[in-house]
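**Q** These came from TrEMBL, pasted as-is:
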ACT_SITE  A:Lys80  active site, schiff-base intermediate with D-ribose 5-phosphate
BINDING   A:Asp23, A:Gly152, A:Gly213, A:Gly234, A:Ser235  D-ribose 5-phosphate binding site
BINDING   A:Arg164  D-glyceraldehyde 3-phosphate binding site
DOMAIN    A:6-211  domain 'PdxS/SNZ N-terminal'
Amino acid sequence: METGTSRVKRGMAEMQKGGVIMDVMNAEQAKIAEAAGAVAVMALERVPSDIRAAGGVARMADPTIVEEVTKVVSIPVMAKARIGHYVEAKVLESMGVDYIDESEVLTPADEVFHLNKNEFTIPFVCGAKDLGEALRRIQEGASMIRTKGEPGTGNVVEAVRHLRLIHGQIRKVQNLSKDELFHEAKLLGVPYDLLLQVAEAGKLPVVNFAAGGVATPADAALMMHLGAEGVFVGSGIFKSDNPEKFARAIVEATTHYTDYRLITEVSKNLGTPMKGIDIKTLQGFDRMQDRSV
Amino acid sequence: MVKLRNGGKAGIVMKIGVLALQGAVVEHIRSLELAGAEAVAIKRVEELEGLDGLVVPGGESTTIGKLMRKYGFIEAIREFSAQGKAVFGTCAGLIVLASEIEGQDEAHLELMNMKVQRNAFGRQRESFETDLNVTGINEPIRAVFIRAPLIAEVGEGVEVISTYKDEIVAARQNHLLACSFHPELTDDYRLHAYFVDMAREAAAGRS
């Protein structure tokens, strides 16, 4: 009997496929998310749009919030640790969190080194903007990737950019010869063996969800159409007028992302989605996606 | 008559659906194809027509259960089973098949006469893989348990085909099969082949 094997950790993400993972800030929101059909909840102190508004340093949530959420739902509970913050991650692991997000949404604790996630029993999800970044995180032990997008903006453009880029890069390496692959691995800054796996399989070796700016059912369906295996919705749900209805609609649109009549129906009278931000207005440190490479 | 692709047992190729509302769908499709079946993803009830068997995959049982209700799959799969067609539930699928879920008032399909306990082995931290003996399969199989349920009690007509530390982790009731673990996460497709054989027996019984 073995725990924490790569198959057990990656397998957990396989079970989330086709689903929606929702950010929640308390027990009440967690119950709404579960009732709407979320496959997991991300327990947070503040959703990304509030983190943006508040400024300052964003850290791991108060353990009380994670505990309260864990108590009221039977679906998996995820929580965020700062990039490179070994102790926050160990605290979350000891609490029995099911998945840790080593996340650029929080202020990085280490601007150079990510965690060695291979040594943890519980699995990690990490953000990535391109294939090189995704494979570096996988090499460090990430069992799931989420394309970064730009969190807390309600603007899907960056999520689209990152997902398209990764899939374009995968198609490119599929057409490279072995000798070209050695060079490509050097250019991407990734191990050759991992890149070869991608070239042969035509996909990442772990599940890839989209994140960062998904604000409507149509946004979620768009990410599925572009090849995401599921979506994270952060601020989009609990910053909308009617979270319950919004959450249900996003779940349905994700499952039936090619059924445009169904998406039409679930999109009716949803009220106002979160306001959203034009990406061009974000500079420097406000661009969360640039906090890690 | 079409020959099996894997050069296995002769006979008609079974067409098996994999319920594709949420969860590990492509892995089951791949394993079923390795076992010589034709496999298709099923998203709406009309697509059950013409299938010889159905897999309810692993995923989140609350999500799958809600979507099944919403799209009319509860009645449709009960009817499918009533025709004697084979159904296989893995992990969340096992929960969906059970007649009773511990601590919950409402079950889902209520097809298999058993009581199940969700997340019975603990949280993800406690998830594991191990070698497991299964009645009807010669050598042990590698079984991956992820926040897995177990079968707390079985009723009449249910045969226990595998246990782990004295807990029931796989069972069969005529044309219905359920297991706590994920045979679709390994390259070993013998349990899928076992199910395809069940579908073939059931099809022979119907004709």
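Every residue number used here counts from 1 along the chain in the order it is shown.
The backbone N, Cα and C atoms fix where each Cβ goes, glycine too.
Can you tell me where each of these features sits in the structure?
**A** Secondary structure at A:Lys80 (active site, schiff-base intermediate with D-ribose 5-phosphate), as computed by DSSP, is strand.
All chains included, 26 other C-beta atoms sit within 10 angstroms of the C-beta of A:Ser235 (D-ribose 5-phosphate binding site). The DSSP secondary structure for A:Ser235 (D-ribose 5-phosphate binding site) is helix.
Residues near A:Arg164 (D-glyceraldehyde 3-phosphate binding site) in space but far in sequence (CB under 8 A, at least 6 apart, same chain), listed by position: A:Leu226.
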**Q** So, three-state DSSP: helix, strand or coil for A:Asp23 (D-ribose 5-phosphate binding site)?
**A** strand
**Q** Same-chain residues six or more away whose CB lies under 8 A from the CB of A:Gly152 (D-ribose 5-phosphate binding site)?
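**A** Correct list: A:Val47, A:Pro48, A:Ser49, A:Asp50, A:Ile51, A:Arg52, A:Val105, A:Gly234, A:Ser235, A:Ile277, A:Met288.
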**Q** Rounded to whole angstrom, what's the largest C-alpha distance between any two of A:Asp23, A:Gly152, A:Gly213, A:Gly234, A:Ser235, listed as binding D-ribose 5-phosphate?
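**A** The span, Cα to Cα at its widest, is 12 Å.
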**Q** Looking only at C-alpha atoms, tell me how far A:Lys80 (active site, schiff-base intermediate with D-ribose 5-phosphate) is from A:Gly213 (D-ribose 5-phosphate binding site), rounded to the nearest Å.
**A** 17
**Q** Would you mind checking how many other C-beta atoms are within 10 angstroms of the C-beta on A:Gly234 (D-ribose 5-phosphate binding site)?
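**A** 29, counting other Cβ atoms within 10 Å of A:Gly234 (D-ribose 5-phosphate binding site).
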